[in-house]
Structures are given as C-alpha cells and as structure tokens.
Amino acid sequence: MFDEEHSWVGVSLSELYGSQCPWDAPQFPVIKPAYNHEVLFHVSDDGYNEINNQPPKPQSGVDKWDQDYVRMPCSSHSLHPVVEGDTTNLKKRWEIIQNALEKPMKNSQDLEDAILSYNTEFKSIWEFSALHKLFNEYLEEEESKSFFSVTLPAITKLALALPRLVQSPIPLLRLYQSGRSKAVLGKLKCICHYFRKVCMKVPVGVMTFMRVSIPLQDCPEWASSNKLIGGTPLHVDSKKKIEDGTGLIQMNFANRYLGGGVLRRGCVQEEIRMVICPELMVSMLFTEVLAPTEALLTIGCERYSIYSGYSSTFEWAGDYDDTTPYDSSGRRRCAVLAIDATPFRKPEDQYKPEAILRELNKASVSACTSTFEARLSYPGVATGNWGCGAYRGSPHLKSLLQIMACTEARRPIAYYTFDDTKLRNDIINIYKLLSKHNVTVGQLYELILKFNETDVPRSQLYAFIRQALRNEEKSTPSKFEGHVYMGLQGVPGLFSCMEDTPMGSEVFIIESGAGFVIESGTSVKLVAKYGLEKHRAESPL
C-alpha cells in the first residue's frame, strides 16, 4: 500500500542527504585557478565571506581573438561593415553597439532597431514578433512602460559595462582542452524578470562551469558489475520536480548542443531550467557539442522565477526568492549537470545493445564519483524521465538505466515522475523486486539485453523482468531454511538465515537490501555467478 498523504515512495530524502540537513553533505571543490581551471574574478586568500556581500572583482587579462576563446563584441578585433555612401568601411563593433544602446528606447520597435543596427547580417533571419506581442498585447500597459523606463535602461547600462565586468578572455570549454507563442512569451517574461531583479540588487555570488567526462575505456564493465541494485537508496516522487531536489545534483536533460531551443520555441525541461535560472544560458556561449561520455556541470546558479505548465502551456507564475546558502567559494549550493540523451526515430531502437550501452555510459557521467571528489557518495542525484519526450525514450527503461548508473557509483537517487503516479509505483515496485532477489547491475544489464531479443511488446519490460525472476526462483531450491544466527565473527551485526552450520565450515555471504543472508557449504557456482565474497564461520553468535 502507498501512503496517499505523500507524493513519494521509497526512502526519505534525509537518507539521500546522509543527514537531516541537505547542506551537511561535502561541498564541491573550492575555486582555485589552475592550468585547467580559468577563473574570471579575483579569488581572495580568505575565501568567500558572506558578511562582505560585495560583487566579485574582475580578474584582468589580455584580449584574445582566436578559435580557442569567445570572441567578445567589445574586443578591438571585432569589426563590423558599415555602408557609407558608395563605400563599405569596417568599424569597431563596440562603438556601433555603444551608439545604439545609448539612445533612448521607448518601445519594442526601438529595441529591435537598436539590436539590428549592429547585427545587420541577421535582418532577414531574426524574428521579433514574439517580443512585440509580449509588450504590446501580453503585458499590462504599466508593466510595459516600467520595462522601457526602468528595466531596459539598467540592462543597457550592464551591457555597456561589459569591458569593465569581464576583463579576461573566456576560454571555450573543449573536450580534453508560434504554435507555442504562449510558452515563448512565458520564457521572455522569465528573462525580463531576471533583469529586473539583478538591476534592483546586484548579485554577489559566483559560478563554476566544468566540462566533465569519462574516457570510454574507463566506463564501467556493466555486464560484470556485481553491485546490488538494492544497495542504492531510492526516493520516487510524483509531485515535486527535479529543481525541488535541494542539496542534490540536479539533472538537466540537455541537447548535445547546450541550450536546445531556449532562444527559439523550445520549452521543455532544459529550456525551462535555463529561463528560471537564466545564468545557465551563459554556458551556451562557450560550451561546444557534448561528446557521448561527457556532461557539463554548473555549480552556483540562482533561481529567479516560479512557473506553471510545460511545453505549450508554460507560463511565468511569479518571483522566486532563492534562499540556497553559499559555499566557501561564494557559490549557491546548487549543482546542475547537463546530460544529453539519444533521440530515437524508432522507439524500439532504444533497446538495442549499442543504445543501452551509450545511455548507461552517459548516465554514469552524471553519477560518477570521480567527477567530483574521491569517494564522495553524497550528494545524491535528482533526476527523472530523461529523454522521454520528443526523444521518444521509455521512462520505464530510462529509470532502470539511471538507477544502474547510480548503483555503480554508489550514489543515492531521487527520481521525479512529473505527476505520473502509476510510473512512480511501477518504479518502486520493480526496485523492491530487484532488491528482494539480490539482482546486481550486471544481471539487470543482461536481462535488458535478453528482453531486446524477445518478441515481448516493448511496453512490457517490467513484466518481462518479473517473469524472468519468477522463473529463476522456481528453478533454484531454497537453501535458507533452518536456524537463525545473529552476527558472524569478522562481519559484525549480520542477520543470517542458515542451515545448522558446524564451527569452522565455509559459508557464503549474500548481500541483500535488508541486510545479509548466510548460505552454508553450498555451490561454488553461486560465488562465480554472483561475485560473492567467501568467509569462514568461526562461531555463531
């Protein structure tokens, strides 16, 4: 039975935190300049001091204009063609931008004209109809007037301060180096709200953008993994969202070209996360396409907006007051990890061995302990239906793959099913069954591959697994009847169910979700099959 008073099943969030407080988990590594870590602001020897409450000071550097750095509009190398009479001359783009933004703008048409004055090559490409609709039809007249009289002048002031605010070159993050007009308006409202807030009060926090990867040869050997699925704490919630996973590493289901359709008509999980936390959009400027075994980790983003709906029903729903504490480097303690799923033209293709392997390896980046500090088991991972919308992935399959990845990395997992109570119950029930049968990551991997070889309907993955475990149970006689012993020397506190075992006999210890089961003097085949560790029983306690 499920408790209808709660939207979640499985373990409580406090078990995923490892404590009652989400902020007791180890912090991410502090910010320190290094050969592979570019810091664009001055790092104090004393670290972050929240009492000072001052914006960070820019780190000065030398302007760079090449394929390894973001080509800034304020660079002296940035030139723009200007037609003057019968001739075309190259002028510094920043001077043109300054002239355009210093002029008063009273409406959306003035804003469009200003933007296109220094982007003339895009006049026939860029579309401003949603912008005009936002200010002429969607917003109240007073709200629109306030934007052009208060917020926009503050935005242009910030834009013109770019040479002062960013004084170091920004490296590209390289590997190893209106069917939805309502949603578009909602996204624009989120962005406008962000600028209104930061112009009223300058933010003091900083952010880290980190491209993380696992070399293909270092990815887990999934088929031979003996880690038990039941050893991973699982929390499944049907009402809350991934961004509600306070203190956890929050997944951002990204396009491999980061940002997806956030600046166009896209409005699903990745785009929504970026508009409620607009500072995440900065990553689009310098992050190249994600490779199959890499992701982008962002630490320190702040949330500014509440929203309702999804996709075509998305709407801005009000201001969000982010109270997430800062870490010792001055970053909000919010980690967002962007990982891209495989888009499937044919949904049945996702069950093929190469597709399973690719998604498992990608998911393992999100949970990999080596991504952060050595042997860091906390914080856990907050995730959901990864690649299950336009990419046509199956939530039942993707949930298992992500649980397998977190199990391999020994990282707790909170899974959010986005108002799907049936899926919530399906996931927790299959998890309990896998735990009961002491199924390992390797065994589950083999079961999924076997499922692909059958004619069983693709929607019946969980039913196939249940039947396979039932058949296995029938073919294996019970060996766990007899006396009960509490504990075993060398393995204190074990709960053991075993036949009467003479002193000094060999036993096999089988780990389970509820504890450990002791099997006495039986088949070595079990050791080979399940990768069990063999112990000698000196005395039953």
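Backbone N, Cα and C define each Cβ position, glycine as well.
TrEMBL labels come from automatic prediction, so no person has curated them.
Going by TrEMBL, these are the annotated features:
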DOMAIN    139-177  domain 'PARG helical'
DOMAIN    220-424  domain 'PARG catalytic Macro'
BINDING   ASN255, GLN269, TYR310  substrate binding site
Comparing the binding-site residues ASN255, GLN269, which residue's C-beta has the most other C-beta atoms within 10 angstroms in this structure? GLN269
Limited to the domain 'PARG helical' (139-177), I'd like the whole-number average of pLDDT. 88
For the domain 'PARG helical' (139-177), what are the same-chain contacts with Cβ under 8 Å, counting residues 6+ beyond its ends? 38, 40, 58-64, 67-70, 72-74, 94, 97-98, 101-102, 105-107, 111, 189, 192, 195-196, 198-199, 209, 211, 213, 283, 285-288, 291, 294, 296
Tell me whether ASN255 (substrate binding site) sits in a helix, a strand or coil according to DSSP. coil
Sequence-ordered list of residues in the chain of TYR310 (substrate binding site) that lie 6 or more positions away and have a Cβ within less than 8 Å of its Cβ, or none, is CYS267, VAL268, ILE272, PHE418
